[in-house]
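Asks: The disulfide bond annotation in Swiss-Prot covers CYS490-CYS538. Annotation source Swiss-Prot lists N-linked glycosylation site at ASN100, ASN267, ASN491, ASN615, citing sequence analysis. Taken from Swiss-Prot, the feature topological domain 'Lumenal' covers 44-642, and the record attributes it to a curator's inference. The annotation transmembrane segment is assigned in Swiss-Prot to 23-43.
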Amino acid sequence: MRNDSPYTPLLNASHNNHRRRELLLLFSGLLLLASIIAFSAYIAQPHADADVSSSSSILSDEATRPTTLSRGVSSGVSEKSNTFLLSGNLVGEGGSFPWNNTMLSWQRTAFHFQPEKNWMNDPNGPLYYKGWYHFFYQYNPNGAVWGDIVWGHAVSRDLIHWLHLPLAMVADQWYDSNGVWTGSATILPDGQVIMLYTGSTNEFVQVQNLAYPADLNDPLLVDWIKYPSNPVLVPPPGILPKDFRDPTTAWLTTEGKWRITIGSKINKTGVALVYDTVDFKTYERKDMLLNAVPGTGMWECVDFFPVSMKSENGLDTSFTGDEVKHVMKVSLDDDRHDYYALGTYDEKKVKFIADDFENDVGIGLRYDYGIFYASKTFYDQKKDRRVLWGWIGESDSEYADVAKGWASVQSIPRIVKLDKKTGSNLLQWPVAEVESLRLRSDEFQNLKVKPGAVVSVDIETATQLDIVAEFEIDKEALEKTAQSNVEYECNTSGGASRRGALGPFGLYVLADNGLSEYTPVYFYVVKGINGKLHTSFCSDQSRSSLANDVHKQIYGSVVPVLEGEKLSLRILVDHSIVESFAQGGRTCITSRVYPTRAIYGAARLFLFNNAIETNVTASLKVWQMNSAFIRPYHPDQKRQTS
């Protein structure tokens, strides 16, 4: 395929996108400063409960509250606004909630990655290079809403503490003037770093571009060069101009060529296009599609990588062998969830074949059953593992995001590997480095929780926690409980307050003393007609906040529990984000919650058992979590980086 493109820049194309929101940026900055002052004054005072009236409302005037706008779709990407609030819905009545600076300041996380301010979305091009983990991300330098997208850049020694570097790539060429969109990194055997990314042209056509470091001797990779003959790929015949995006990390074929896949759709069928290259400048499109699944719509942020069937270690993207399965993951534009399938990769036929066609990509398994999208993995050659990043969006109003001056966080990086016990799903678990933030711990063994009981867990504070817990149902109750053919689904179940014979039971996180606000993370067990137990793992946001301009959903799915296993979970609580992992990471749920009372020193932790027919025995260990050091990089630090 030729390097030159039929798309040329408009003669009078404007490159002033970065100045469109100067007034918004100024407004956001002033509010952020006010938030910091209010927060400092608040935490300086001892308090047992949060006083929602301690700071005057900044969002109480409904007449001045702007309407939530659709963002992203007209430009050719998935909806970036809260679709529930976009439709005009409010949870409850009475207009928007009177948020104040105390509440909004509390929402900012302490150990999840996020920029100092403004909007962030997809993780891009993560890699490990010369002693540093690099993380790039979709970023709006001009405001707390989607738009004016460039690449932010940060580096870390341990995936926990981060230094913000200058922007890696900005929208300064005709082929990316409407956005430097998502891309992936490939490290070649000679050490060269290749970055392929999607650019939105001056005519909103999606094209693929090549960039590379200006100085490979710089471990921070601060400066990047865009290939002078970009774009290297344009939409092929039969693919619409706005349906061609997000190139993957390349993998090496047995012929010595590099292969990538790019997400698209043909009518309503999601597809993964395949290209081969030897130099990342010219490409050969393969006739076969890597995969295609009818009815799944546009595929964004495709990821493709091997996992070992024997070893616990991660594998380089180019690794092949008999004892390997391949993972294909897509982000569905239609519902904004990340789906994956396990299967076999046939290099000669250029085909991924799912192990279970009924659970092919976009149909069955998901990385995460909460708010988790546009994820991307990379092979960490330092620790021989595959690491997963995911974008955690907001579920509050856009107006509240503008008021607090930022929107979105990234998940805690997760190790991804095949579940050797089931062979049919992945395991995801926070990287071990997050445990370096653990402080004081409290341990509770064999706590008996009776049906209908709520038990306070006596810990110091409950805003930044790492919780590990196990639960057991009484064996006698299991034997007596009647069999049922009723299937349980978390999102239509009625939540943690709806009682059944063997559930729900678990933990209330971010709860206040009076339980006017709480977020349950729980198990629900059903005894099937064959006598087998079917377990669901859920997270219920319906009572997480008194605010009515927040989308409060119930998330979750089934979780495999093997014979002899106790029910186990791990929860990371970090202010407004709750990441939950069941059975070693077989099922994961990420939630965004926005309490108005259960904040700062007023946040509590409870055990609960809403089962009707069984006692539950719980054992748990709870760590207070330190804050990560996430701060700007200063040039004086450069001499310390080699």
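Backbone N, Cα and C atoms are what each Cβ position is placed from, and that goes for glycine too.
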Asks: Work out the three-state DSSP category of ASN267 (N-linked glycosylation site).
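Replies: Its secondary structure by DSSP: coil.
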Asks: Distance check, please: Cα of CYS538 (disulfide bond) against Cα of ASN491 (N-linked glycosylation site), rounded to an integer number of angstrom.
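Replies: Computed Cα spacing between CYS538 (disulfide bond) and ASN491 (N-linked glycosylation site) is 8 Å.
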Asks: Kindly assign ASN491 (N-linked glycosylation site) to one of the three DSSP-derived states: helix, strand or coil.
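Replies: The residue in question, ASN491 (N-linked glycosylation site), is helix (DSSP, three-state).
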Asks: Whole-number Å only: compute the distance from the Cα of ASN100 (N-linked glycosylation site) to the Cα of ASN491 (N-linked glycosylation site).
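Replies: About 30 Å separate the Cα atoms of these two residues.
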Asks: Sequence gap of 6 or more, Cβ distance under 8 Å: name the residues on the same chain that satisfy this around ASN615 (N-linked glycosylation site), in order along the sequence.
Replies: LYS448, VAL449, LYS450, PRO451, ILE473, ASP474, ALA477, ASN609
Asks: Enter the number of other CB atoms within 10 angstroms of the CB of ASN267 (N-linked glycosylation site).
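Replies: Other Cβ atoms found within 10 Å: 8.
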Asks: Determine, from DSSP, whether ASN615 (N-linked glycosylation site) sits in helix, strand or coil.
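Replies: DSSP call for ASN615 (N-linked glycosylation site): coil, neither helix nor strand.
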Asks: What is the Cβ neighbour count of ASN100 (N-linked glycosylation site) at a 10 Å cut-off, with all protein chains included?
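Replies: Step by step: centre on the Cβ of ASN100 (N-linked glycosylation site), count other Cβ atoms within 10 Å, giving 22.
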Asks: Tally every other Cβ atom lying within 10 Å of the Cβ atom of CYS490 (disulfide bond).
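Replies: Its Cβ shell of radius 10 Å holds 24 other Cβ atoms.
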